[in-house]
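For reference, the structure discussed in these notes is given below.
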Amino acid sequence: MSMNCIFGFSLFLLLLVVLNIYFFYNLSVEHRPATFKLPMVKSEPIPPVIKEINEYLNRLPSQYHTKNSKFVSVQRNLISSFNSSGASLDSVWQNVENWADEESLFPYKNGAAGQILQAMRTSQIAFVDNAPKGTQLKLLLVLKGNQKLYFKPKRYNLSDVIRGNIYAGYDRHNSEVFTYYLAMVLNYKWVAPSVIRRININYDILAHAVPGLKRTMVKNSQGSDCIYGKCYYCKINETVCPDSTGHIEGAGILYLDKYFKVNKSPWRHSYNSKKMEWENDKDFCKKVSSLLSTKRILNLIDIAIIDFLIQNGDRHRYEVYKHKILLLDNGKGLGNPMLDELDILAPLYQCCIISSKTWQMLELVSGGSLTETIQLLASFQGEKLTTDDHYRAIERRLLKVYATVMYCIGKHGSANVFHNIDGI
Ligand SMILES: Nc1ncnc2c1ncn2[C@@H]1O[C@H](COP(=O)(O)OP(=O)(O)OP(=O)(O)O)[C@@H](O)[C@H]1O
Ligand SMILES: [Mn+2]
């Protein structure tokens, strides 16, 4: 064999080896999990309405991607509500008690919102008890001066991702506080002020704990006093313990000493594999319209938009005070920044109506203003509230809210979509 032949044959063998390696490499790559981060998609077929909304999302007018200059003055007012200090606790609580307004549950103008939050963070605790209402561990903090706070303890770090179904996991304490700010920025003021508060296990809790609370406490292996509480899901092995400095962090939520009516939400999620009526019936809104007023439906849609932004799919019931829905129990938001469960918006895309006032407000906060404002207002109390991933997720979901309204306009015309009704 000539040298040329040997060289050619070796080259051919080498090529075969390279091709083989390439072939097996490709095979193994196919079985590797994808590493890029895409929002999770359900395995079920995508309903046509979701596809249509996604098409509107891809063709969203550029104004929804940029800041709205008209927001500047609104933001200025918000800053003056929240950037405050120096009021005496007595005068703050007096203002709260005597407050009566049809638009806002609590005073907020001229620094009042910031003063209430400050008072909630710093007022001394008179006594602490279990708050056995609801399914999750929470405490009742009675402050000196007799104001009450619900205290939902921290169960997760801000960056923890909660996987599983829409109502999985414990409440997220930061979601309560975040939602308070979100609602205030979106001008939904039927909401209880909420703050991050850190309470000391000895000075704040044990020194003021009623005997009933002490009976629901155990020492852990490090000798710390931990609480398992009194509630539907409370278990002796699912305790909340102080950190290395002896503190328990949580959301302090102003307790509303008011009578309110509780209703079942028509769009509540199922807690088992059985589908709810709204999931099977495209004309479900017609059914709801025969039972509820347009005003109440518009109000449910306002709440659904907030729930969609934070991804709270657990609003199984809603409380009404003075004919308006109270934004209470917002702890199931901020679970997974990679997930946009669009069916939380079902009230909006099934009824295709929205209050003009709500829409105008949504249009004002485009292009990152929502994130920027919540971060700024929370910084006055020194809090971060959530991770950048969650802030990005909320901005992405806001675009989906715009797209859903565009879908409704495309389907029914703007005259049928926007409604001017007083009091919501
Ligand atoms: N700030 C508040 N002021 C007064 N009552 C409140 C307040 N927050 C919640 N409640 C009442 O206490 C009940 C339980 O609160 P919440 O819903 O936050 O607890 P939960 O443990 O998450 O309950 P669930 O699992 O049923 O959602 C609510 O039904 C509501 O009526
Ligand atoms: Mn709840």
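The backbone N, Cα and C atoms fix where each Cβ goes, and this holds for glycine too.
What TrEMBL records for GLN136, LYS152, ILE253, LEU254, TYR255, LEU256, GLU319, ASP329 is ATP binding site. LEU254 (ATP binding site) is surrounded by 22 other CB atoms, counting those within 10 A of its CB over all protein chains shown. Annotation note: LEU254 (ATP binding site) sits in a strand segment as assigned by DSSP.
Taking Cβ-Cβ distances under 8 Å and a sequence gap of 6 or more within the same chain, the neighbours of ASP329 (ATP binding site) are GLY134, ASP314, ARG315. Positions annotated as Mn(2+) binding site by TrEMBL: ASP171, ASP329.
Positions annotated as domain 'FAM20 C-terminal' by TrEMBL: 220-417. Here the domain 'FAM20 C-terminal' (220-417) returns a mean pLDDT of 97 for the predicted model.
If you look up TrEMBL, you'll see ASP314 marked as active site. ASP314 (active site) falls outside any helix or strand according to DSSP and counts as coil.
Cβ crowding, taken as the number of other Cβ atoms within 10 Å, peaks at ILE253 among the binding-site residues ILE253, LEU256. Among the binding-site residues listed (LYS152, LEU254, LEU256, ASP329), ASP329 have a CB atom closer than 6 Å to some atom of ligand 2, in sequence order. The number of other CB atoms found within 10 A of the CB of ASP314 (active site), across every protein chain shown, is 23.
Residues GLN136, LEU256, ASP329, taken from the binding-site residues GLN136, LYS152, LEU256, ASP329, are distinguished by a CB atom under 6 angstroms from ligand 1. In this structure, the CA atom of LYS152 (ATP binding site) is 8 Å away from the CA atom of ASP171 (Mn(2+) binding site).
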